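Participant: Annotation comment: TrEMBL describes A:8-123 as domain 'TFIID subunit TAF5 NTD2'. The feature compositional bias 'Acidic residues' is assigned by TrEMBL to A:198-212. The region 'Disordered' annotation in TrEMBL covers A:198-222. TrEMBL lists A:313-344, A:358-390, A:400-434, A:445-486, A:487-527 with the feature repeat 'WD'.
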Amino acid sequence: MSSVIVGQFVHFSEWVDNSLEFNKIELSELLFPLFIRTYLHLVSDRKIDQAKQFFNDIGTQHSFFTLSDDEIARFRALTYEQLSAAPYDKRDDLIYKWIKYKYRVRMGAPVRELLEQKLSAMEPAFREVVNETVSIKMIKQTTTQLGRSQRGWGRLSVELPTVDEDSRDTVHPTLKDDHRWVSNPEHFVTCAEKMEEVLTEEAEEEEDEEDDTKALQPPRRRHEFRAPDMPRVRMPMAVQERILAMVNHADHVSANSLPSICQFTALNVGPTSSMTISRFGDLAMVGSRRGVISVWDLNQPRDAAPSANRYTLVGHSSMVTSLSLSADNALLLSSDAEGAVRMWLAGSSESRGQVARREGCKCPVWSVSWSPYGLYYVTGSHNGTATLWNCERAAPCMHFTGHLSDVNDAIIHTSGDIVVTAGADATARMFDTRVGSNSCHLYTLSPHTEAAVKVRASPDGRVLATADMNGLVMIWDTRMGRLLATLNGHTAAVKDLDFSRSGTLLSTVAVDGVRLWDMTTLRSLARVPCTASFPQYEPEDEETAPALPFSTNSVPELHLSVYPTKQPLLATRFTYSDVLIAGGVFTGQTE
Amino acid sequence: MSSHRSVALTALAQNVSSEFIPTELDDAVASIMADELQFRLANVLSLARRFAYQSPDNKLTADDVNEALKTRNMNVVLGPSSRSSRYRTIGNGDTYCVADDVVNINELLNSDPRRPAEPSLSVHWLAVTGKMPATNENVSVEALERAQNDIVETILPEDFDANPPVTQGARGALTDAEHGLSYILHRARVMPQVSQEFLHRVKDALKPLADESKRAEVEAALPKLCAELRTHRVSDSVPFIVREALATIMKNLADDLFPIRAACSLLAAVWANSSLRPPLESSLQEVLPALVTMVVTETLGPYDPEDITGRDVREEAAKMLAEVLFQYGGKYPKMQESAFEFVREALLAGPRDGFYGALLVVGRFGESSVNADLVPLLPDLLDKGKLKPCPRFLGSKAFPTIESTLMTVLQRCQVADADTRAGLGERLSVAMDAEML
């Protein structure tokens, strides 16, 4: 049995290592106690040699030795006789504490759900080890937002200076019975149930603790869906304040209060292939077919010379196919037709230039898109795959396959856990980034009749919008993968689309201008708020889903307005203050 | 199914025949190759179409096909391009190259190189709280209405009546009571921001009007303002700006001739700018009567002790009137005719206030006009004794005598010959003297 546990532990540690950094920081807290407990299992099975090898190899590999040298020596010298000796006061205090008490780990709800999902697919014996080793406390915030010193976690649940038989009543109720190293499958309860039990009791214990009482919510048995409470990775404070200032001064836009639209038109930039605009509305970036990116910084004084507020980023050797600006305006990603993805310092006027170059394939990368919270970005390429990258790593994190043709667009969902792609095979697909294997495919959204070219998620994550070459825009329920409406209006391929900050409006641009669509009704039809995790598609959900009040083929009520333009448009973006910006180029003059 | 494709392939092979490619393909080979060729062509074209999507207008160009071929690791040695499509043959006629122009090196060195246009970013409001301003940057209202109509046709239910009982509601709302639908044509006339800023600056320049000591500054500021660069960006709003500025002038002052002089100065400054002048054409119906009135009117506002006849104003207005008629007289002959009727009447009315203005206008029109309109009238005026100087003007600096004014006009335009001029002058002097006596 212990060898099974060892194998499962190795598998689990690999899974943690390969998980995204959002989850990894919290998951890695589990490895050290599980490592110790696995070692103790080996010793209790009298596999001393294997235990020592495991202790040395895995401990060194993962740098688990946060223990003092004396403690390490005591663990290494541990024998079966010491472990099974009775009474307890004859045992080593250190070993006794590791056997009898749980290791406290603080964990956010999304990560805990992910852990549950993973453990449910693992061996029962390992789940038992997790149950008996770790006590998880749920928090609203993720631990990445707390300083390690503030947490005070990562220690055994109870400190016992002296151990005697009487004191056993004070230990955790779930551990009152004599501990049995061999797990009993009959007594196995699901991880969620066990955790619920533990957490409820811990909540009672810590009622008088000051701050985290409200955060102690009993875990749900089934997957619950919620919007992300806070960004998992915080932006710099100055950027946050700037965003808040814009948001506070924003007018509420809706179907009854349409937004103001500002059009940016780039002149004399030659053949253009891509464009993007910052959420602050102060940066406009145009990528050309020759590989040059022109950036306009509108923060410069208006009476400044025309060349003072413009600079170019040179590096690509072929057509710039896509541009994506991070939410804090600091980093620009660009992709080209030869498969290169480049990262630039764009927002700062002091230091501009390329900071990284990634090359995943030798074919055109049609799309590059930042994660809503930074750090990760996803690319969609001609070879039919989408790739998830960490900007701190040279190698890609994950590949998402399934499309039968080019991946024209790929984004990371608002929750940060889902990658949504639009493909030339007239489908859009959703992938779970947390699974990290080939089984991560969630839904295929397929009623398009032409190549899907763009996909966007609403800020609250409820609905997805996909657009195709025919100009059709389709709105999807993110939770169920159900088509909610087809928006018919554009007569040419949709170039870009974006949701307003509140998610009540959708803006689409094409050659024939800007169109605004009302999303209020559709958001209410989407059954659940933004998801942190997705179950597999369940047909019964469709039966219980609320009926749509209109045919999904055509929903004229949703069309609000159209604004034809003299020049074709390439990009649209709602700023943080909900002003809509449409970006285009003047095509009347050629080089 | 592939038979016609193989036939096409055979024909293609014949067209590109050379020593390396057989002129005629075997049917079996063509049949096999046809499928393969079709697959490859479809493959390349689908990729080219994706490249075309990257362009703003979605048009498939030769460059897109070339990009697709490059992606497929097929070098484009020779082929059409979006930039150059001229080729010539060299050698034995089997080698092609781009037909570049042969340029003389001396001409090239001495030529003024074409300066590349500076990339720039233009920013304008496509909509203000949902309504599209009727500015030059946006599409016209007519196109907007057409687009709105297109939408109505596109999104309405299938059983929708093509000619519904639509009623025009308030604020441009179209209501279809039968289907309970309401459409609002989102349009509003909003002046562009650049024009708004320009108007503010004009108004700022007109602020010191009330202070008499600063009037010279105003008169100097307006031409300077209108002579600035980039005024073409406000050209669409010129009539409105002029109207607003004139309203400001009239609002600030009403007691002397200076408002009219300031207005003249403004109009002259606008007129002098070639970017601002064309928009005035649409307002000629308003501008021209005002100018004619200023020239030939008997009473030109309150009297200025320094300029009792308002000569400066009349001179300025006459200058502008002449320029307007020169510019648009050929295009609007009736306009010129009607303006001259007033001038002629003023001349025939005798030496009153308007007479002097009319003289100035005629003088501004040059020799032909003086010969045609003024000279024939002079003997008649002299004979009938109409050329009596207005007692009010005697001793005036502006119009000392009719004689001197007429002589100025005649000399300026070099009317007739010296003898005629001398004769007329002599007769004028006699008439004046007799009248004075």
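Each residue's number is its place along the chain shown, starting with 1.
Cβ atoms here come from the backbone N, Cα and C positions, even for glycine.
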Participant: I need to check the long-range neighbours of the repeat 'WD' (A:400-434): which residues 6 or more away from its ends have a CB within less than 8 Å of a CB in the stretch?
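Facilitator: For the repeat 'WD' (A:400-434), the nonlocal Cβ contacts are 19-20, 22-23, 110, 114, 117, 227-228, 232, 366-367, 369-373, 376-388, 440-446, 448-461, 464, 466-468, 476, 478, 481, 530-534.
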Participant: For the repeat 'WD' (A:313-344), give me same-chain residues lying six or more residues beyond its boundaries with a C-beta closer than 8 angstroms to one of its C-beta atoms, as numbers and ranges.
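Facilitator: For the repeat 'WD' (A:313-344), the nonlocal Cβ contacts are 235-236, 239, 273-280, 282-283, 285, 287-293, 295, 352-370, 372-374, 377, 379, 381, 389, 391.
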Participant: Helix, strand, coil: count each for the residues of the repeat 'WD' (A:487-527), based on DSSP.
Facilitator: 6 helix, 17 strand, 18 coil
Participant: What residues in the same chain, six or more past the boundaries of the repeat 'WD' (A:487-527), come closer than 8 Å to it by Cβ-Cβ distance?
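Facilitator: Contacts with the repeat 'WD' (A:487-527): 247, 250, 252-255, 258-259, 261, 453-454, 456-460, 462-463, 465, 467-475, 477-480, 541, 545-546, 548-549, 554-555, 557-565, 568-574, 576, 578, 580, 582, 584.
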Participant: DSSP on the repeat 'WD' (A:400-434): how many residues come out helix, how many strand, how many coil?
Facilitator: 0 helix, 18 strand, 17 coil
